[in-house]
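Student: In case it helps, TrEMBL gives these features for our protein:
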TRANSMEM  7-29  transmembrane segment
TRANSMEM  41-64  transmembrane segment
TRANSMEM  76-96  transmembrane segment
TRANSMEM  108-132  transmembrane segment
TRANSMEM  144-164  transmembrane segment
TRANSMEM  170-188  transmembrane segment
TRANSMEM  287-312  transmembrane segment
TRANSMEM  318-340  transmembrane segment
TRANSMEM  352-373  transmembrane segment
TRANSMEM  409-429  transmembrane segment
TRANSMEM  441-462  transmembrane segment
């Protein structure tokens, strides 16, 4: 597709800029707030974020996927989004006392009130975002998201230093949303965007959006289910520790996937519109991403203690063994990272919702059964949920996309071999250099020095398709240099 390379460049620029700002914010917050304070906000924000998946009811994805986009369709999407998002915002505000009583956490009431503001602005942010994404105009999205992230960071850190505790996190997020709203409204309003809603012909968007939003909700709930369950069965300190371990591994994954994930749906939808091979497009994207992600997760799992001490401080040491096990869960799920966009592009939203419900159900059962035995057992149990997701998704790929199990496994074998090689190299380096007696920073510097060349050698040995792509991007790797 035209403009894909430019889209990837700006999407990557956006993603990595946000990741850097997010890392700076996380590192600062982890040192300024206690695990209990972060755990309190994690419980409250997790509930709001799950509900937030319904606030645009899939209207954004509908605009991206629609073959012919008209002003009337945009106005109808705005009307539907305003009805749903504003209603949910009011529901969050009014339900705050009940949720606070359920978790026995009084601060949930004001946190809900602050976060509910974003629901009022969501329609005027999500729709322009989707229109620009459809057009693969990611340079505009880069400016808007960067401005929002900078506002979030500045407000959060300033308010924490002023003594606002976890309320600073809520206000920082909200001011970031307000900044994006101002940017879209005053400076970067798309040509086809209209701010006068239309309340006719909503059924088409809603029928698509119900399944799309439900799937988003279920997938989001999967990552925050530990916070919600542990928050009820345990305490906020345990929530903070577990969320830090999980957050570290998700950060590693998102740091590598963030550049390509925003263009996945437009790319796959375009492939379908042009009559291309969806199975090939999915498989190539999955293998290329896996060639980066899985080896890094393998290495990260083995040096998690050193990394967590550098990024967050030694008060989070208990999160290291949790992160080690969760790395395997994230690695299993990374195989099917693009399956959501694939099934959406293929038009099988109903089946996708069933898949996500089964996966979430298995994860909740695993958490409930394993929690009495400790947080590390919860992390191990989630691996079982990951295997359930792998089996169900593989079956769906075969049935609906005609991607055979053998073809999937064969394509992924180089990733498995490369990750295994990186794992063995990491174990050897740790033992040879005696990481247990080294400062955390020195250990990480050793890994940064030795592992990239080892990874590149393994890419060449197993003739991974990622290597030619790297040569296109990095001049020094081109033949003849």
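The first residue you see is number 1, and the count goes up from there.
Cβ atoms are placed via backbone N, Cα and C, with glycine included.
Unlike curated entries, TrEMBL annotations are predicted automatically.
How buried are these features, and what lies next to them?
Tutor: Sequence-distant contacts of the transmembrane segment (108-132), counting only residues of its own chain at least 6 positions beyond either end whose CB sits under 8 Å from a CB of the stretch, comprise 40-41, 43-45, 48, 52, 55-56, 59-61, 63-64, 69, 74, 77-78, 81-82, 85-86, 88-90, 92-93, 95-97, 99-100, 138, 140-141, 144, 166-167, 170-171, 173-174, 177-178, 180-181, 184-185, 188-190, 192-193, 195.
With a cut-off of 8 Å between Cβ atoms, the residues of this chain six or more beyond the transmembrane segment (170-188) that come close are 25, 41, 44-45, 110-111, 114-115, 117-118, 121-122, 124-125, 128-129, 132, 140, 143-145, 147-153, 155-157, 159, 164, 195.
Sequence-remote contacts of a segment are chain residues at least 6 beyond its ends whose Cβ falls under 8 Å from one of its Cβ atoms, and for the transmembrane segment (287-312) they are 23, 26-27, 30-31, 244-245, 248-249, 252-253, 256-257, 260, 319-321, 323-325, 327-328, 330-331, 334-335, 337-338, 411-412, 414-416, 418-423, 426-427, 430, 435, 440-441, 443-444, 447, 451, 455, 458-459, 464-466, 469.
Nonlocal intrachain contacts for the transmembrane segment (409-429), taken as residues 6+ away from its ends with a CB within less than 8 angstroms of a stretch CB, comprise 283, 286-287, 290-291, 294-295, 297-299, 302-303, 331, 335, 435, 446-447, 450-451, 454-455, 458-459, 462-464.
Remote same-chain residues near the transmembrane segment (441-462) are listed as 291, 295, 299, 303, 306-307, 310, 414, 417-418, 421-422, 425-426, 429-430, 433, 435, 470 (criterion: CB distance under 8 Å, separation of at least six residues from the stretch ends).
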Student: Could you pull out which residues elsewhere in the chain have a CB under 8 Å from any CB of the transmembrane segment (144-164), counting only those six or more residues past its ends?
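Tutor: Distal contacts: 14, 17-18, 21-22, 24-25, 28-29, 32-33, 129, 171-173, 175-180, 183-184, 188.
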